[in-house]
Structures are given as structure tokens and as C-alpha cells.
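Student: Next up is a structure, given as C-alpha cells.
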Amino acid sequence: MRLQRGPRLAAMLIMITCMCAFHTTTAMDIPLEVLGHMNIEQLPTITAQPPSTVIAFSFDEHFPMTCEAKGNPKPEFRWTKNGQEFNYTADPYLKKEENSGTFVIPKTENLTEYQGTYRCYASNKLGTAISKEVEFIVPNNPKFPKEKPNPVEVDEGQPFILKCDPPKGIPPLQVYWMTINMQHIEQDERVSMGLNGDLYFSHAVEKDSRRDYCCYASFTMIRIIAQKTPMSVNVKPRKSDSSERANAILERRPSLLTPPGVRSEKQLVKGEDLELECIPEGIPTPQVEWVKLNHQLPVKAQLVNHGKLLMVPQAEQEDSGQYMCKAKNPLGEAVHYFTVSIEEPPEWVSEPESQLSMIGSDVPIKCSARGTPQPTITWRVNGKLLRDSPVANRKVFHDTIVLHNAKASDSAVYQCEASNKHGTLLSHANIMIMNLQPMILTKSGEDYSAVEGKGVMIHCKVFSSPPSKVTWRKDDSSESVEGPRFLVHDNHSLEIYRVEKVDAGQYTCFAENTEGSSAIDAVLYVKDPTRIVVAPKDQQILKGTTARLSCLAEYDKSFSYDFELLWEKDDTEIAFNYTENSGYFLENGTLHIDNVNYRDQGVYTCVAKTPVDRATASALLMVLDVPDPPDNLVLFDHKSKSVKLKWTPGDHHNSSITEFIIEYEENKWEPGNWKELLRVPGNHNSAVLKLHGHVVYRFRVYGVNAVGSGFSSKPTEKYKTPPAAPDKNPENIKIEGHLPHEMDINWEPLLPIEHNGPGLEYKVSYRRQDVEEEWMEHTVKRHSFVVKNTPTFVPYEIKIQAKNNQGWGPEPKIVAGYSGEDFPTAAPDDVAVEVMNGSVVKVTWTRVHKDKLRGHLGGYRINWWRLRSLVNSKRSHGDKHTLTIPGDRSHATVPGLTPFSEYSLIVMTFNGRGNGPGSHPVNFKTPEGVPEKNPVFRVTDVQRHSVSLAWASPLEPNGILTGFLLKYQLTNDTEEEGPLQIVNISNPDTTKWVLRDLEPLSKYKLYLRSCTTVGCGPVVSEEFTTALETSLASVHEGISTQGWFIGLMCAIALLTLIVLIACFVNRNKGGKYSVKEKEDLHPDVESQGMNDDTFCEYSDNDEKPLKGSQHSLSREIKARDSGDSLVDYGEEDAQFNEDGSFIGEYGPRKEKRMSTEIKASVQTPA
């Protein structure tokens, strides 16, 4: 503990060292610009001096005594020591510096000879400046006196004090009580050390006996620890026949070991720590209380040393007053009163100021200070006491000196010293008396730039005596600049507020006094303000992405080469090095921040900067990320089936945590597999975890925010729960009957972690419902059980209870179920069919009675099949179709029937076992409908004004065909189509048609539908383009005279000849069946006619079709028929009549290989 005097003196030394090491005296300086023009004398001024105390520490090698001063002429220096002249220049051991008053005291054996109080004087012919007094201290090594203290003999229960009496030394001092083995003496309410370093014992006990009580004094400033000779204490036990009598003798009312008496006074300096101490003795050990009379204890008051020391740090005046300590135990109390007074060192109220005054004026010099006690003011002039240097025109009025009708010879350095017992203040005032004409120290012709709307300062620094009158003029005007926007400051600078464009121009500063005048010019330019037109916006951005902050600015055009656009982050400019490792990139005023990280979060400021102004705009960049993992996971409040988990949430990274997810891992069944256990709101940091028995758990936590799920925390330590009976019984019990006289019971088994211990089994109990009988019970280990020899489909009650080695689970719930089902024994009655339309009928029936169901009703099934088409009388059973109607229904709608057909239908019921018997069949017929789409619709021949068409009848006419509806229209690939032309074909046997009177070289679209009496079916369409009108003969005449055409024809003739020769050779080699012979086997009039024509011969008649073209078309049709013949769609042999239409029934598909050739020339039937 520090001694009471330690903090005060140490704090003063440190404060003096810091504040006075390079103290510069306030002085009135003549500017260097003036001294450059004329040689003006100046009074000396101390510029550097040592601290008030210089301590010669043993670890330092030298000790400087600094004294520097300025003046004109240069000052000369001298020192005094203890008030006597000290010729430092004559001492050979001191190191001196030229043109300086500084000397250095070296570390020598006779260092103590230099101990004393020093003061430096700096003088020239105008006056003398002095430094503060400096005390040079050579400390001695503090030591305890060598002595052998007598052992302390004390009776048990009596108080005693071990004196320390530390030696004097340089503060701060700290005192410790330790054993010879450097173990601290334990202190408590009974044993404690006082502010003076003594060790106080409220009452002695036997354990206080020891021989090595050592007091250590530590002087940290000089790095010395002193040890006192160990002291011995012997506590003599109190002997008594009765312990109760001994205790009665030992008990004693309190008294104070320190401080003595009832009252004491305490004085301290403002800013020091107030320390009041009361150490009592008594049995039982007294408790100490503190009060401030008529007031509350100070807010900053602290009780230390087990309440025996009241400390108020940095005491103020309001902490003064009456304090009382009270020590009490059950036998009584003891009090002591403290009167605390707070005093203050000197503090300047009015410090003397240096002055430059004109000759003949009155010069006042004021100096006043305050403090407690009130400081004494001492005046000096040029280092001598004022009373020792009388002057006729100088008068002293209380705290002010006045020089009447001052002369140049009155120039001097005046010193004012304010002191009380707590310190001394010294201040200098350089008083110069002289006359000087105005000198403008600001350079003439300076250019100033100002921003419109902002302010500007135009400088005019003037030095003169007496002071000059300064006026400002604009553009050679004789009028002074005036107005609410113009202000001339005390330093003669002109300030213009809210600059306007008209303020631009030349300004003149004019200064004059009684000694003369002077003037300078300055030019003001008014610039457009810089402003940010596109400011960056606040952003929230995901970590790892790229942030973009945009910024655009406008500025005065004259600053094109001086404009800068900078970016700052948190008021620090961003340096762009454009390397791969740099996260910043600037492009066209946009700041790119790549791979945003947490360190990139902050306030980004765009700075648009010119030489005269700047504009800024800021945006906050917030980096979003998933939460950091929680930490400090702690398990507490351990119970058999629960535990409390507490954690510290991780950083949410600017997105509030919405929830915490707690996971667990067990090491027996699925080690390493973490499963979710609980979710808690994001504003919670603890949870109660419900656990299973006989499990070794570990837990971890992770947070979730709007960004996503964070990383998991580190797992907790392992936590093992003891075995317990099961907490639950099986769930999802299913009762099924796969066979008529059995009942299958299945359930979802308990998870391994839900066993709560070894030996898990299930008790299956069952009985018939609504029958008076006992529960049948079976214990199994699997999760299924089959009850045999049950009646068919009767209700049962079932319950399943879990059990392990620790006991039974909770009472199970009763579940109802049925035994095995059998096939229904009855079919629905009164089956009726109502025909809705050609493809839909409605079926109704009477429900089967539940007694005939023999199981859970699954629903009803309708089976139907097509008997025949009504187009002909031939019967053929179609595929059977089934419609299932779940539930208890008595009607249904059967869709998807074929119109104009005869059907048969039955209805049956079904349960879980299967279908029941079918009802009696019901036959019904569907009405006629519209035909299906025509399977074939083709363009077979295209002429200039006509087109030949062919088609096949629909496979399902859905009635009796009445004919065909043919429509066509001109399209020509334009948005506007021609009128729709309609052709009604009333003959249902027609399969070919020729459209005439068409436009040549035109595009048409065809639409064909088959019709019955009900209506026409879906449409089938086709497109074609008519042939060119110009005759081929004229085309031949136009091109046959061309050389290229003649060459082409010759080449074709040559190639044809080669092909014919190759075919002839190939036939003679191995072919017994030629194409010609095949054609002879099947003579055809049309083909015969075509064979008579010349190969590739052109017609010279425009009205005749080309034979070659006709021949090719005929072959094309044959080729297409081979892949998709019209005969394929018939049921019988297909034949054509004279006009090419189909006759007879459709043949079967086995006749597919037959080919039919459609004539090229088709006539419209009559």
C-alpha cells in the first residue's frame, strides 16, 4: 500500500516535470519580416528552462540545466544558486554550450556538492528575463536502521501493532508486509496495514505467532526496495477452566488503534486523493461505518481495506467538511471526527501580458492570482525586486503597475510571481516603448480564389506603433468596402461572407498612423462551387460479393487540371494501387470493392476537391453475413431427463438472428450424425433440453438470420443421462386383415434413442369391442403381431405399451380396428343405364347391404365392353373397360363411349379383400354422333386452273355418312385471305374430287370434313399452289438458243446413254426378272399409253399436260401408297369404279400389299 505522503509529492513531481520541461514564457515578438527591414531591439525572453525539480537518479549519466533565451541584442546568461551568484563557466566539471545558458552536471563522486536551488538570468541592454527556481536533488539510498527488534509478547485476544517506520526517500513509496519467503501476510478485517505502513492487529490469535514479519519499502522512482529486520511475535494462549468464561473475558468493546483521540484535522491540496483511516480493535472484530455530517458521502467515494479506509479520488472543494467513522460490535462503538479542508495552489486570474506601446502613453501591467491560502504577489523588473529599482513615472496600484508618460527607456521585462505554501507561479511581460510607421508584412499582388456562396479571407498583416488605422478599397475606389457581408478583423484581414460574382476584382489594404502610411493590392477570383450531383447511397451487401458506390461531381471549369475525386473510409483516404491484392478499384467515379469482407464495413465518403473548396457525400456500407458461431456453451441445472444449455451469441453481421437451432449427437446408434433437437427465438440465449435416458449426448448451436444459417458452435462436453422407463408408447398403430380369420397388428417402433434403457419390449393387448371379455396380452420384441382364429371382420380394441428393464411406459391409448376381411357376397341390384349422349351414359344401382360386404367398403366398379357398331350388324367384343368409384356411391357417369354402338355393362362392389360378384349385364345403345377426322386427305394432281383431290372415309363414322363438306380459299401468303368457297359432296361413297377455275400460280388452302345426320366431324386441311400459266414451248424457244443450255442438254444426253448401256449389261448378266416383264404381267391402259410416249418429250400444246410430268406424278403416288395405302384403312378388298372412287367395304389389313394407281386425269362426277 502507498503511504499517505507518497501520492501527493509524486503527483507534483510528475506534473512539474511534464509542464515545465520546455516552458516558453509569454512574450511580445517582433515579426521576422520587420527585423529584416530594420534593426529593432528586443527584450530578452526565456524560451526553454528545466523543470522545477531535477532529481539525480542513479541510473542517469548526466543532468542538464537548460536555459535558452532570445532577444536583440543577444542575451547574456548567468545563474544563481541558493540566492548567490554561481559561475558555471568557471567550473571545469560542468559541460557548457556556446551562445546558451545551458550547462550539464555530470555524474561524479562529488555530485552532492551541486545540490541546491538554481535560477537562470538572460540579459541584454534593454532588460533581464529570469527562469523559475529549479531544485537539484541528489537522493540518498533509503535504508532501514540496523537493529534487532525485541520479540513482541502479546496475550491472546489483545491488540498489537508492528511498526514499520520506513526510511525517507523520493516518492512514491509502497510498503509491503511479507514473510522471509516472500509470502504476503494475509490481511482481513482483523489484520490490516495503515497508511503509515504499520501492521495493525485488532486482537491476537494463536496463528499470529511467527518469527518472520518483514516490512519492505519500495521506492519505484529510484528503483530501490529496502527490507527491515524480521520481527517476531509470540501470542500467549489464555488459560481458563471454562471456555464460556474465557470467551466472556475475551469479548471487548471497540476502540481505535488509529487515529488517536476523538477529533483530527485533514488538509490537502485540490486534486489530491482524500484518504481518511480508522483502524479499530475489539472482540468480536468491529465493523467500520463512514458518514459525512449533514451530507451524503461523495458519489466517487470508495471504501477499501475492508472498510477501514475512506478514499475520495481527486478531491474538490465540495468534498471538504465534517466526516465521522464509527467502529462497532455487539458490545459498543467508538467514533472519530475528521475536519477536512481543501486548499489550492496559486492559479492565475489575470496574467501580465507583453505590450508594444507608443512613446508618451500610459502603460498598465496587471497581475492577480487566487488560491488557498491567498497567494502573495511579488513584482520584479529585469530580475530585480521592484522596490530595489525605483522609477519616478512608475506607480503600483494593488495588483496593477502603471507607467505614466512612458519613454523608450522604460522598456523592460517585468516578472510577476504568485506563491503560497502549495506552489509558485511566475510570469513575464515584455514591455516595449517605441514609435514605428506602418509596415504591411503581407505580400502585395496576391491572388485569392473564393467559391460563390462561401466566405473568403484576404490578409493584410500590419506592424506599427502606434497602431495603424486600416481601410479596404475595391477597384481603385476611394470608398471603403462596407456592408453586412464585409468585416475587417482586429488583425486587419478582410473577410467576405457569402461571396457573389460581383465581388470579384482588385482590393487595396491601406494602413496609416502618425508615423506614415502603406498599402498593398490583392485580386479576388470568384469560382463556381463544387457540388456532388450523384451521391453514393447506403448499401447492405453480402460478404464475398462486389459493392459499387457511385459519385459524380460538378466543379468550376478553371480547375480542370486541379480537380480531384477522392474516396475516404472512416475519415481515412483510400490509396488505390490497382494490384490483385487491392480490394478497391476506381472507374469513372464509381468505387468498386471486390470480395467484400467485414473490414470493408464502414462509412465511405466521396470527396470532390478543388484548390478552393470541397464537397463530400457519405454512404454507410453494411456487410451482411450469416451469424458467427455461438461460443461459451455451458450445461447447468443437470437433471435425469433434462439439462439447461446457455451460450453467448456470435456476431449477427447486421442481420438480426431470428432463431437458434440446437442439435445433438449421441455416440451409440448414430455417432457423428447431428440431429436437430430444439429451436428457440433469436432473442434467447438459453434453453431447457428434454432428453432421453441412457444416452451420452453432445450439443451444439447455430444461429439463423435473413442471410442464412451460420456455422455451428464447438460441441459441449459429453453429458450422460441415467436409464429410465420409456417416455412414450408406439405410434401409428395399423390393424389390417389380410386373411379372413386373422388380424395383423403393426406399429411404428420406438427409435433407439427413445428406448431410455436396455431390454425394450412391447405388450400387445386386445379384446373384442362391445363384448364382455378380458384383455388378451402378449409380449413381443418385434413391432408386429398376428391374432389368429378371429371371426371375419369384427371390431377389436387394441393397445400397445412399451417396457424396458427400468419399468413400463405410460398407460397406452386404446385403438379400434377390425379383423380380416373376406370377399363381398352380394352384387348391386336395380342397375340402370341412362344415355346422356353419344359418348356418355349415367349408371345407377342399389347399394349392397353392409352385412354382405364382409369388410371395409372400398367402393364400386363398373365394367363395360362394346358389342358392335350399329353401322353394320357384325358383332365383335371390344376390350373390357373398368371405372372404379371409391366410397359409398349409388351412381356414376361412364365417359369415352363410341357413338352409334351397342354396349354391355355390369356393376360390382369391392373391399380390402377384393371384388364381389357382378350384377346382371345391362345392354344399351349409344346414339349417332359426328364422324372422326378423315385419315387421308391428299392433293394428287395440280394443273394451272385445277387440282385433283383424294381422301379416305373416317375409320369411325359414328353413324351413317351423309357426305363430305369441302371448303377452299385463296391465301397467297398474305394477311388478307380470299373468300371461303364451299362444296357440298352428298355422295358418301365419293373419295376423289377435282376443283376447277382456279387462279394460276396461286396458293390455296383446303378444308375437308365428313358428315352424318348429327353434323360434321373435325376438319382436315391441305395446301397447294397452282402451276405457271406460260407455255413450256415458249420457254423452250427462249432458252434453247442459249449456248449454256445446248451444252447442258448434250451432257444430259450423254449421261442418259451411259445409264442405258449400264442397265442393258446388268440385265444380261444375272437378272431373270426385269422391270419390263413385271409391267407386262400387270398391263394398264394408262401406263401403256405413257410407255408409247417419247422419253422427256415436251408438249407443244399449252392446253395439254406434260406427259413426263404426268408419268412422274403417277409414280409418286404409287410410292406414297406403298407406305400408307388407302387400302390399309379398309376391312375388305378395295376396288375403284370408273371415276376412281372407292367401291365396296374396306378390306382387311392383310391386303395391305395391294397397290392401287389413281388416274392422272380425273373428271368431276355427274
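Glycine is no exception: its Cβ is also placed from the backbone N, Cα and C atoms.
Reproduced below are the annotations present in TrEMBL:
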SIGNAL    1-27  signal peptide
DOMAIN    44-135  domain 'Ig-like'
DOMAIN    142-234  domain 'Ig-like'
DOMAIN    254-341  domain 'Ig-like'
DOMAIN    346-432  domain 'Ig-like'
DOMAIN    438-525  domain 'Ig-like'
DOMAIN    529-618  domain 'Ig-like'
DOMAIN    629-724  domain 'Fibronectin type-III'
REGION    712-732  region 'Disordered'
DOMAIN    729-822  domain 'Fibronectin type-III'
DOMAIN    827-929  domain 'Fibronectin type-III'
DOMAIN    931-1030  domain 'Fibronectin type-III'
TRANSMEM  1044-1065  transmembrane segment
REGION    1078-1166  region 'Disordered'
COMPBIAS  1113-1123  compositional bias 'Basic and acidic residues'
COMPBIAS  1147-1156  compositional bias 'Basic and acidic residues'
Student: Apart from its near flanks, which chain residues at least 6 from the ends of the transmembrane segment (1044-1065) lie with a Cβ under 8 angstroms of it?
Tutor: none
Student: Between the stretches 44-135, 142-234, 827-929, 931-1030, which one has more Cβ pairs under 8 Å with the domain 'Ig-like' (346-432) than any other?
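Tutor: It is 44-135, which has the most Cβ pairs under 8 Å.
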Student: Which one, 142-234, 438-525, 529-618, 931-1030, has the most C-beta pairs under 8 Å toward the domain 'Ig-like' (44-135)?
Tutor: 142-234
Student: Restricting to the domain 'Ig-like' (44-135), what is the model's mean pLDDT?
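Tutor: So the average pLDDT across the domain 'Ig-like' (44-135) works out to 91.
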Student: What are the helix, strand and coil residue counts for the domain 'Fibronectin type-III' (827-929) according to DSSP?
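Tutor: When I sort the residues of the domain 'Fibronectin type-III' (827-929) into the three classes, I find 3 helix, 53 strand, 47 coil.
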Student: By DSSP, what is the split of the domain 'Ig-like' (142-234) into helix, strand and coil residues?
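Tutor: So the counts come to 3 helix, 38 strand, 52 coil.
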